[in-house]
């Protein structure tokens, strides 16, 4: 069964449509009662999980720079808020916090996005019997092995290579076991 599909478009600026009051406005609503929104999709999945006691999936798809990772963050913020765990654990920050080194390993400059994630992400969120978030697991999949050895004109391969080159004169570099 395939549920509702939401097309997200990145406006490349912060909009007030993802604020806390908007989360509360969509919480408890039925799909279609309000405007299409990532919070409406998240609410539907959350309700079905609670009602049917079955796992739910939200697939966020789109082209490079469309805002897939940001949409996933908004969905997790919704779950953390309606599940009562946002203030307790700040799970959104814990789940999606990537160290600068992880971003450098998986992000590259494309013609559409200067900091495009080249990872596919599968985020599994665990809920307890009261539907509060109790943990999460993120798996990443490298999408473009070809970028390791080649990049198109006006693009860069993974940022980590440029950061390693820029830091090759630092004393800590020797400890990495890499040579010129």
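The count begins at 1 with the first shown residue.
Cβ coordinates are placed from backbone N, Cα and C, and glycine is handled just like the others.
The domain 'Myosin motor' annotation in TrEMBL covers 1-180. TrEMBL lists 62, 63, 64, 65, 66, 67, 68, 69 with the feature ATP binding site.
Sequence features, as recorded in TrEMBL, placed on the structure.
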{"residue": "62", "record": "ATP binding site", "Cβ neighbours (10 Å)": "13"}
{"residue": "63", "record": "ATP binding site", "Cβ neighbours (10 Å)": "12"}
{"residue": "65", "record": "ATP binding site", "Cβ neighbours (10 Å)": "16"}
{"residue": "66", "record": "ATP binding site", "Cβ neighbours (10 Å)": "17"}
{"residue": "67", "record": "ATP binding site", "Cβ neighbours (10 Å)": "19"}
{"residue": "68", "record": "ATP binding site", "Cβ neighbours (10 Å)": "19"}
{"residue": "69", "record": "ATP binding site", "Cβ neighbours (10 Å)": "15"}
